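According to Swiss-Prot, the protein has these features:
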| type | residues | note |
| --- | --- | --- |
| BINDING | Arg43 | L-glutamate binding site |
| BINDING | Trp105, Thr164, Asp189, Gln212, Asn254, Thr255 | pyridoxal 5'-phosphate binding site |
| MOD_RES | Lys213 | N6-(pyridoxal phosphate)lysine |
Amino acid sequence: MMARPWNFSAGPSALPEAVLQQAAAEMLDWHGSGMSVMEMSHRGKHFVQICDEAEADLRELLGLPADYAVMFMQGGGLGENAIVPMNLMGRRSTPAADFVVTGHWSTRSHKEAGRYGDAQIAASAAEATEIDGQAQSSWTWLPPVDTWRVRKDSAYLHLCSNETIGGVEFTEWPDPASLGAPDVPLVVDVSSHFLSRPLDIARAGLVFAGAQKNAGPAGVTVVIARRDLLGHALPICPSAFDYANVAADHSRYNTPPTFAIYVMGLVFKWIKAHGGVRGMEEANRAKAELLYGYLDGSAFYRNPVQPAVRSRMNVPFVLRDESLNDAFLQGAEAAGLMQLKGHKSVGGMRASIYNAMPLAGVQALIDYLKEFERRHG
């Protein structure tokens with residue numbers, strides 16, 4: 001078997017090798033059933049066990065109270081940009097929601113919600129600014145909470161707590177009451193830092209995460225919603241995307257992505273075995289500090305994000321001489337460092353160092369960064 005490269009993809013991303021090995025070992029025969037998980041009825045006893053166990057493990061990892069429903073859905077984070085407003089805007093006589101726009105994904109969330117109601121921007125990082133005497137370009141900073149303007153009659157306030165492309169991260173979420181809107185629930189897209197650190201989900205009415213970054217393979221989306229927010233879907237909402245239906249049938253209202261849920265459940269067990277979410281946080285802090293420390297000490301590379309809001313998961317950086325980009329990527333692949341190219345909307349490079357990336361992978365990247373700088377600096 002060839003040595004596995006270090007995979008820095010933003011998603012679908014690297015999975016823990018132990019999870020892949022277990023899935024491979026059980027591919028043809030899950031626990032003596034004689035069937036692959038891919039062949040099981042989603043209503044049969046075997047898959048019901050898999051699905052219920054995954055939910056129980058997730059609840060344990062997050063310390064979720066009973067008044068939150070857990071749903072394993074389809075459509076990805078982008079799909080939730082439509083599913084959320086179709087489910088929550090019906091809470092108000094006039095469909096409306098507010099958005100904190102801090103990058104690519106929250107911009108798309110705001111735009112999509114506008115198809116279903118009045119979507120307004122409560123705060124934005126779309127313009128350049130100056131912070132602590134340092135110039136910050138658009139999408140490299142976060143608007144202070146005291147500048148947010150939230151309507152008291154909004155159905156919800158949306159934010160993306162980790163912008164995968166821009167590499168900015170909210171470490172804390174505000175209490176809507178502190179914004180003068182105590183009846184406006186917080187909706188948070190946590191896709192790219194889900195399970196990477198403790199999150200105060202009790203402050204949110206709903207969170208969602210595409211699994212393909214920290215929680216599993218592409219194809220399943222985790223939605224965690226306070227139960228009092230269910231049952232308000234707009235008439236236009238398809239029944240399969242109505243949270244009330246999905247929650248009532250324990251994620252089996254229609255055929256769910258069974259194999260993706262199974263693998264995700266294995267990831268949950270892997271996280272539990274490695275110290276839970278606190279264990280992930282400690283490892284992720286160490287990786288991020290190591291990588292940012294090197295970038296900040298280099299005159300050859302640069303990370304554009306305001307240091308106080310840098311993501312631990314997604315680290316964008318640019319070469320001072322962009323004419324070297326292609327050579328950098330070719331050399332990285334030859335060294336076994338894969339998928340470092342930045343998103344097409346911003347260019348440059350990006351290292352996504354999710355839970356499954358060990359410290360050794362980050363050190364291998366830094367070793368390559370040093371060598372490339374030595375040869376081209």
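The backbone N, Cα and C atoms fix where each Cβ goes, and this holds for glycine too.
Taking Cβ-Cβ distances under 8 Å and a sequence gap of 6 or more within the same chain, the neighbours of Gln212 (pyridoxal 5'-phosphate binding site) are Gly11, Pro12, Ser13, Gly76, Ala218, Gly219. Looking at Arg43, Lys213, the recorded positions in this record, the fewest other C-beta atoms within 10 angstroms of the C-beta turn up around Arg43. For the pair Lys213 (N6-(pyridoxal phosphate)lysine) and Thr164 (pyridoxal 5'-phosphate binding site), the Cα-Cα distance reads 10 Å.
Of the listed binding-site residues, namely Thr164, Asn254, Thr255, the sparsest CB environment within 10 A is found at Thr255. A 10 Å cutoff on Cβ-Cβ distances gives Asp189 (pyridoxal 5'-phosphate binding site) a total of 27 other Cβ atoms nearby, all chains included. For Trp105 (pyridoxal 5'-phosphate binding site), the same-chain residues 6+ apart in sequence whose C-beta sits under 8 angstroms from its C-beta are Gly77, Cys160, Glu163, Thr164, Ile165, Asp189, Ser191. Classification of Asp189 (pyridoxal 5'-phosphate binding site) by DSSP places it within a strand. On the backbone, the CA of Thr255 (pyridoxal 5'-phosphate binding site) and the CA of Arg43 (L-glutamate binding site) stand 9 Å apart. Distance noted between the C-alpha atoms of Asn254 (pyridoxal 5'-phosphate binding site) and Arg43 (L-glutamate binding site) is 10 Å.
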